[in-house]
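Reading through the C-alpha cells given below for one structure.
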C-alpha cells in the first residue's frame, strides 16, 4: 500500500514541477463549484462526506499515514474518472475511521447553506491486487411531473356547435345518401319548377287534320269494254278521275298537226291572254308569205297572209288551231322565240317538264315526220292546255273570221271564214282539241268532250293515233266519237261518304284527338271498277286550338281536275286545348 501511494505522489510531484502546470490547473472557486465532480470527491479527510479543501503540498499535510509525504497537487478542472480500485481503496480508508461503509451515498454537488468547499483529499493510488466490485451508479433523477391541467372555460353554444359540425360522423351508405339528398334536393326542386314553368308556357304545336278509315273507294261492277281501233294506238282518261283504258303499244310515232297543240300552249304561256282580249299585233314577215305560197303548191294547210300585214295574237292562234295553218305556226314561233330553232328547243323542254318522255319536236307545225309522240303523252299535254280558258274556248270554236285572207281565191286558204277541221265539234259534247294527218302519220285526233253526270261536269280526254284506213282523218274521228260515247255511258255516281260519318280527326300534337265528320254526302263520279282516292285537307287554313262542335275545320276531296268533288268536314265535339299534364310531359 505504501509503495503504491509513494508512486502516485512521485507522479504528482513531477506534474507540478512542469512549468506553468500549477497555474494552468487553477480555476476560480465559483467555476470549480459549478462544475460536476466525480463520486470519489465525496471521501474527504474529515470522514464527513465533505469535499477536501484545495491546497498545496506545504499547506495540507498527509491524511494520517505517518510517512510525512505531501498529498496530490491541484488537478485540472476537467472531470477525471478515477479508477475503480482507487475509489474502493479510498472508501476503505475512510471507513476505518467512521461508521460502516454504505453501498451508495447521495452527495449533493452544492448546497445553498454549506461553507466554502475544502481542498480535495490527495489522490491515493489503488493497490493493484484488490479489485472490489464497482460502486453502482447513482439512480437517474425522476422526470419532472407534467403541470396540472387548468380546467377549461365553459364554451358558448355556437362554439360547441362548431366543434360538433367540424367533427364529421363516420361515413356510412345511409349518411352518404342523406347528405347527397340534402345537397341535390334543392337544385332538383328548382330545376323542376323551371321545367314546369317552361313546359306550361311553351307555344302549343299546330293541330293537324288526319284522315281515318278508308282513304279510297271502289265503284262496284266490272270495268267497261270500250270500242278500240284495230290499229295504231288509243287512250282515254276522265280528267281528275283517272284512266278508263288504252289500246296499242305506246311507242313514238309521227303525229302531224297535233304538234300545234304544244305551239299554242307555249305562246299562251309566254304571252297570256284573257277572255275577250285579242292580244298584241304581230307583223307578218316575208317568210310567212313565202310559206303560204309554197304551202299551196305542196298542198299543206295554210292561211293567206302577206308581208306588211298585222295579225293579232288571238287570230294567229285561231289560224293554227282551227284550219291548222302551218305558215302561221312558224310565224308565231319566230315571234315568240326569235327563231324557229329556239322555239323548238322550248317545245322539247316543256315536254320534259310535263313528263312527256316519248315525245320529240323537230318543227313548230308537225309537218316534219321526225316530230313524234304517243297518245299517252299528248293526253298529258291536252289536260294541261285545257286548263287555260282562252285555249279551251278557242279549241271548241267551229270557225273564226280571218283579217288577212282576201276571200278572192278558189281554195279554202283564201276564205274569210276559216273553219275547224275537227268535225266532231260541237257534237257529242266534244270541245276540241286538234286534228293531225299526213301520209306517213296517218289520221290522228286529240279530242276532249264534256259529260254532265249528276251535279258535276266531267272532262273526257283521249287520243286516237296512227289510223291509215282511208279516209284517214275520218277513221280517227269515228273511233274518237265511239270512245267518247262509250265512256260517257259508263260514267255514274256513287256516294262514298254519308253526312255525319266520321272521316278523320284533329290531332293537337300532344296526344289528344277530336273526331271530324262529313257535313254533306260525298258523291263522286266514276265507272265500274274505278278506285277513287279520298283526301282530307284544311283548305289552306290554320286549325284552331279550341273550337265548338260543328265548326268547319277542313274538307274531304275525291278525284281531281274537273272531276274533283269536295265536301266540308266539321268537329263532332268540342275541340279542347291540351291538358296541363299533356303540356308537362311533351318532349318535342
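Cβ from N, Cα, C; glycine included.
The compositional bias 'Low complexity' annotation in TrEMBL covers 1-18, 82-95, 126-136. Annotated region 'Disordered' per TrEMBL: 1-154, in sequence order. Per TrEMBL, the feature compositional bias 'Pro residues' maps to 116-125, 137-149. The annotation transmembrane segment is assigned in TrEMBL to 183-201. The feature active site, acyl-ester intermediate is assigned by TrEMBL to 257. For 434, the entry in TrEMBL reads substrate binding site.
Taken residue by residue with DSSP, residue 257 (active site, acyl-ester intermediate) is part of a helix. Residue 434 (substrate binding site) and the residue listed as 'active site, acyl-ester intermediate' are 8 Å apart (CA-CA, integer value).
The local packing around residue 434 (substrate binding site), expressed as other Cβ atoms within 10 Å of its Cβ over all shown chains, amounts to 32.
Every protein chain considered, the tally of other Cβ atoms within 10 Å of the Cβ of residue 257 (active site, acyl-ester intermediate) stands at 28. Under the three-state DSSP scheme, residue 434 (substrate binding site) falls in the strand class.
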